[in-house]
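These notes are about the structure you will find just below.
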Amino acid sequence: MSGSEIVDVALLRLDPGVPAPQYARDGDAGADLATTENVEIAPGERVLVGTGVALALPAGWVGLVHPRSGLAARHGLTIVNAPGTVDSGYRGEIKVCLLNTDPRHTIALRRGDLIAQLVVQRVAQARFVEVQRLPSSERGDAGHGSTGGIDAWRSATDTTKEQA
């Protein structure tokens, strides 16, 4: 991965029959994770599958397990708790809780299929300091939907159409 920091992560192959995590291309952020199981996931069903690997991430680093965009776009397969968190102190098998969001089709996974991506990055721990009042900011307490979301997009699109 040229131009990026490289960190050594100890990897224990619990199932040598499936691929170890690897980056598909130079510069990729996520290393592909494979499943150790043959499993069928019915519409709306979730299932926990193993990857056959355990890691020892260095202190100050975290592994984040993300869905694969192609599986999500083509089949509706996602990860329930995306991104899943692999803490540096965890030494067990990385497992992925998959969810079939397709309303009609069962998804069949075979042993060795690539199911998720692992992003390894630095992480800071916060020291939470209780205060009586938070400092002000431009945003304030404007939360869910405060930037307009789809309504703002529609409004901008309608304005563009009117100007055309």
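Placed from the backbone N, Cα and C atoms, the Cβ positions cover glycine too.
As the structure is a computational prediction, the values presented were derived from the model and not from experiment.
What TrEMBL annotates here:
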DOMAIN    19-148  domain 'dUTPase-like'
BINDING   R68, S69, G70, N81, T85, V86, D87  substrate binding site
REGION    135-164  region 'Disordered'
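Shown for the domain 'dUTPase-like' (19-148): DSSP residue counts in helix, strand and coil, namely 7 helix, 53 strand, 70 coil. Across the residues annotated as binding substrate (R68, S69, G70, N81, T85, V86, D87), the two Cα atoms farthest apart lie 26 Å from each other.
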